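TrEMBL has this to say about the protein:
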- D:1-56: domain 'MrpA C-terminal/MbhD' (DOMAIN)
- D:73-156: domain 'MrpA C-terminal/MbhE' (DOMAIN)
- D:171-292: domain 'Na+/H+ antiporter MnhB subunit-related protein' (DOMAIN)
- D:7-28: transmembrane segment (TRANSMEM)
- D:34-56: transmembrane segment (TRANSMEM)
- D:68-88: transmembrane segment (TRANSMEM)
- D:132-151: transmembrane segment (TRANSMEM)
- D:171-190: transmembrane segment (TRANSMEM)
- D:202-221: transmembrane segment (TRANSMEM)
- D:233-254: transmembrane segment (TRANSMEM)
- D:274-298: transmembrane segment (TRANSMEM)
């Protein structure tokens with residue numbers, strides 16, 4: 001019961017993160033939103049694994065935590081590689 | 001050498017915690033995997049005093065983390081209050097703050113502690129200073145008082 | 001004793017859910033990227049700790065307990081690192097925070 | 001949508017889509033699929049797409065007129081797919097075709113025939129081992145294609161700029177050093193526990209590759225290539241397929257059928273066990289080295305293009 005409430009709260013926050021990803025306005029807001037979405041997915045999977053009574057799902061949650069971190073780093077590296085050609089609109093909007 | 005041992009022990013316990021199957025076959029796979037990873041990370045040159053700061057493991061560390069948890073609770077409540085009371089309650093500001101750590105690992109612990117406590121984020125880190133963004137002037141002033149900086153530096157000694 | 005643990009677990013979970021929601025709200029409400037980052041920070045520290053703690057109390061002694069602990073540790077290490085990297089990148093990308101009063105001594 | 005011209009936003013949205021669909025799979029109790037989606041859909045796919053974007057640029061070329069034919073095809077296709085969805089039996093229906101065919105037999109007999117707890121692995125690695133061999137060959141072919149197109153010509157001298165960049169980034173450097181060993185070991189853990197929990201060679205390969213890619217992103221391509229040289233990677237891509245194929249041949253030699261591992265040991269269940277471990281290892285090696293190879297190839301291609309323009 002309580003777990004369901006937590007899962008619902010997580011889903012609501014994930015929706016908020018998607019809203020922020022669409023609203024922007026800067027590319028960094030979007031990255032922040034994706035990162036937020038990712039960490040909430042980790043928690044959601046952990047909570048769902050207890051709702052469903054399948055603790056082996058926790059491995060999936062661990063993978064997500066990992067992937068989420070690496071995606072953020074990759075996105076940031078993308079900007080550093082991309083020098084002026086790619087970076088032109090950063091700060092104003094994307 | 002001691003860092004190699006520590007990374008091996010870390011990997012071994014990571015395997016044992018995750019696995020849950022303590023059969024000879026899987027345990028030997030675990031051993032082979034851990035040795036292989038130790039070999040690979042040595043080739044990568046990532047096993048050293050920075051990734052395994054054994055010299056920081058002393059009695060001060062738990063007390064520091066306990067203190068940090070206290071800070072976390074206080075700052076979380078503060079930020080949540082500001083979220084609910086709206087835009088008027090925040091006064092974002094930035095500043096370069098001096099830091100007194102002597103090693104990179106100490107600086108990283110300090111910077112991550114700043115970021116970990118909501119309300120303050122370390123935006124840039126140099127050898128003798130850190131650029132901080134704070135949600136409110138009070139948050140920045142608290143940090144400027146330097147207690148966290150002192151405590152982290154204390155870990156290094 | 002089991003009742004106490006259930007109570008504690010529920011308390012942690014509910015508080016965590018509330019914090020998560022507050023953080024999400026902050027990410028929507030706050031005026032610029034850097035302030036939003038603080039709100040996101042709320043969901044990544046205390047809220048994660050509380051929810052994982054609640055799950056740990058719920059799960060009882062066993063292997064999943066340690067896996068939850070691993071997840072918690074992992075999030076606590078990577079969360080601030082990602083935030084810091086993002087902030088640094090935004091700063092170097094030319095995004096100026098609101099109330100930037102450091103006289104732009106940056107090069 | 002207007003924003004879709006920003007390819008970068010598209011990639012990030014596809015990352016969210018990966019996360020979302022994995023959550024669905026979790027809700028449907030399909031841990032293995034969720035695992036794959038987590039590692040591939042949310043992990044390596046956006047990562048490789050980003051490296052591609054660095055070489056093709058971030059914005060789609062401006063196009064004035066709307067193309068009606070592709071639009072028409074898309075609408076018809078989407079309509080057909082929706083119609084097909086409506087025709088599908090309700091979720092969990094007992095008489096659904098997917099439950100009446102061979103699934104019954106797998107569920108009833110696999111504990112006795114294969115004897116491993118994770119039935120998904122039994123199906124993928126043993127009953128349908130031939131399909132999985134095909135998938136591995138596809139990945140192998142993709143890696144070969146990328147190598148031929150992007151790594152042709154003589155090797156260029158590696159640049160030092162990224163290293164300097166990361167040396168400044170103290171936090172990422174220290175945390176990265178702490179995490180990389182754990183990520184690599186976690187990959188191997190998933191590799192060897194495919195028979196017990198969600199996971200297996202594909203996911204393990206991707207996770208292991210992600211660990212090395214993280215190293216390459218933090219410490220520079222030249223350092224990463226020193227740790228895992230391209231020549232070694234090329235061999236490993238082929239070695240994985242070779243292991244898989246030769247397990248099949250070994251079965252023929254001992255008098256069984258291709259990729260039926262029962263004859264590998266005196267006891268059929270042990271034979272299946274050995275076979276599955278070996279072919280999963282082959283899958284893992286090929287997937288990991290192919291992913292790393294593709295990442296290196298794209299990153300190098302970007303670099304040399306930048307050098308040309310400078």
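Using N, Cα and C of the backbone, Cβ positions are placed for all residues, glycine too.
Counting residues 6+ beyond its ends, the transmembrane segment (D:233-254) has Cβ neighbours under 8 Å at 129, 133, 136-137, 140, 143-144, 147, 260-261, 263-264, 275, 278-279, 281-290, 292-293, 296 in the same chain. Helix first, then strand, then coil: DSSP counts for the domain 'MrpA C-terminal/MbhE' (D:73-156) stand at 61 helix, 0 strand, 23 coil.
Here the domain 'Na+/H+ antiporter MnhB subunit-related protein' (D:171-292) is broken down by DSSP into helix, strand and coil counts: 101 helix, 0 strand, 21 coil. Between the transmembrane segment (D:274-298) and the transmembrane segment (D:132-151) there are 3 or more Cβ pairs closer than 8 Å, counting only residues 6 or more apart in sequence, so the two stretches are in contact. Here the transmembrane segment (D:68-88) has no Cβ contact under 8 Å with any residue of the same chain six or more residues outside its ends. Long-range contacts of the transmembrane segment (D:132-151) within its own chain (CB-CB distance under 8 A, at least 6 residues past either end) are made by residues 124-125, 202, 230, 234, 237-238, 240-241, 244-245, 248, 259, 279, 282-283, 286-287, 289-290, 293-294, 297-298, 300-301.
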